[in-house]
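What follows is a set of notes on a single structure, which appears directly below.
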Amino acid sequence: MASEEQLSAIKGAKVLMVGAGGIGCELLKTLALSGFEDIHIIDMDTIEVSNLNRQFLFRQKHVGQSKAKVAREAVLKFRPHIKITPYHANVKDPEFNVDFFKQFNVVLNGLDNLDARRHVNRLCLASGVPLVESGTTGFLGQVTVHVKGKTECYECQPKPAPKTYPVCTITSTPTKFVHCIVWAKDLLFAKLFGNKNQENDLNVRSADASSSSEHVEDVFERRADEDVEQYGRRIYDHVFGYNIEVALCNEETWKNRNKPRPVYTRDVLPPLPAEENGNKDKASNTGDPSSVSAMASLGLKNPQDLWSLRQNSEVFLEALRLFFLKREKEIGQLGFDKDDQLAVEFVTSAANIRATSFGIPLHSLFEAKGIAGNIVHAVATTNAIIAGLIVLEAMKVLQNDVKSYRMTYCLEHPSRKMLLMPVDPFEPNKSCYVCSETPLTLEINTHRSKLRDFVEKVVKAKLGMSLPLIMHGVALLYEVGDDLEEDEVANYAANLDKVLCELPSPVTGGTILTVEDLQQELKCSINIKHREEFDEEKEPDGMVLSGWTPALATEKNKTSDNGPSSSNASQTVPVEPDDDDEIEIILKDPEIISAGKKRKSSDISVAAGSEISGVTGEMLTKSKVVEDDSHNDIVMVDGNLDTNKKKRVQ
């Protein structure tokens, strides 16, 4: 039971929830039942069928509607007297600025991506509002408390970048099924149904393009006199047959590798009957496009069945046919969506055919969908536990009970008979550029790199600023905003294409740039250090930023032994996280004495989507996480970190 003091704090509190998904539904319900009477919710998403198994405030009839608004309506049915204000919007929209955040007593996060988490963290720091972060994946979960000046902020510890794979591995020498999935999803699907002008290695794998010019000329362009079935078979023969044969010509690549086997339609399927040509194209184009399914057309019912090579080939051709006959208007602008049945069928079949060529075990559609969508299946009970812990920490924050703050981790298996591991929060990291304003250093070739490179690769990608302003002394080099005059916009646009040393106020070695985001009210100084050369493989950006909290690599991108590729060796294909509100937590045999006491060596890594945020303290070693996609396991690789300098909040 809550004390009178707690009840008073709860009833008078104004709370902001960011995210109304798996955690958000449980959190809103728990807040309402705990006595909170003024709750605001921000969520830009609409309800999907795949949400219904765990986001219990939603029903089938709500599919397509705003999560924030439907969640409000559902809770008001059993708590009609409380005030719930929904916002169907992006938390990064300008209206949600520092002044907006200042009206709240505490902010509770249930987000699904690193970018939004960082944005909210900065707004909370700027407004002085405490933040309670959270996340779950399967049976694992976490809740952390971030209070300006008292605990570390969300960005005090490293977060890993989305996992990437070298293009040369994906296109030339795949060894895991995930490589085949990435090839089918990010290269083949995108080339056929997305922007056909994108550059990739699918047109031809030959180093001597002139010797195979017939394959270079728009091999993916459907000819005027070609029906869909003929087009599908031609594409099949090109990517699974011809491309493999060309790759085999480079004998050096296969000296220490098993050679792949070209697969042609003539080897798998019967010849296309002449009288059938063009007949299938007349199929009806009525009905809901989202319900179109190659499996249904072919009589395949169980998504957990393992298809043969022939079945995969039939699904591949049928899925391609259905895209052109039933969804032709979408072609040219499609992107892979795990909830798009036809897209999943196409990617699964293509990945399996490619896997057959390279001797990689096949996977069912159910398994392939999980890999393609980076799906970690959620457990509603974990969401409920984490929501309860969020509310408990929010109560402590409202009472300013700093000594009782805890970062709590929910474990899958008991450790010392405990499933919940409470840890004292840590003091702010003095080297954190976000909450401690520590200067950064950027090594860059100021004679070659343009201001655009600096903005895109550093300011936006690494520092996560949305509306940046860049100054050299009193000279304004770049600014973004709706209130700019036309001549200012033109001037800043022109600056973007100028080399750093040729800007109106030249940027050279020794220059100190001030970078500021007015919306986040974040400012940092960057010391510029001129450097002539960079390693293309290790430093593909052509610049190195020091002093920030970098992303932990989840897999090294080794390209030196992957054989030739027409792509740049440093190029990688990202694997995007599934858009859900789960995070990934890996704990390796943590030994816990009790809450508030020192812990022995343990390895904790927390990932938001595909991100990993290391949680370290006294006697704690940081870990690196490497995912073994061939078995869908998480493998811990221990690292060393001097954590003696890190202090707990007293």
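Backbone N, Cα and C define each Cβ position, glycine as well.
Pulled from TrEMBL, these are the features on record:
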COMPBIAS  284-294  compositional bias 'Polar residues'
COMPBIAS  560-573  compositional bias 'Polar residues'
DOMAIN    3-432  domain 'THIF-type NAD/FAD binding fold'
DOMAIN    328-369  domain 'Ubiquitin-activating enzyme SCCH'
DOMAIN    442-534  domain 'Ubiquitin/SUMO-activating enzyme ubiquitin-like'
REGION    260-295  region 'Disordered'
REGION    554-580  region 'Disordered'
REGION    595-617  region 'Disordered'
Can you count helix, strand and coil residues in the domain 'Ubiquitin-activating enzyme SCCH' (328-369) using DSSP?
25 helix, 0 strand, 17 coil
Using DSSP, how many residues in the domain 'Ubiquitin/SUMO-activating enzyme ubiquitin-like' (442-534) fall into helix, strand and coil?
24 helix, 30 strand, 39 coil
Roughly where does the domain 'Ubiquitin/SUMO-activating enzyme ubiquitin-like' (442-534) sit in mean pLDDT, to the nearest integer?
91
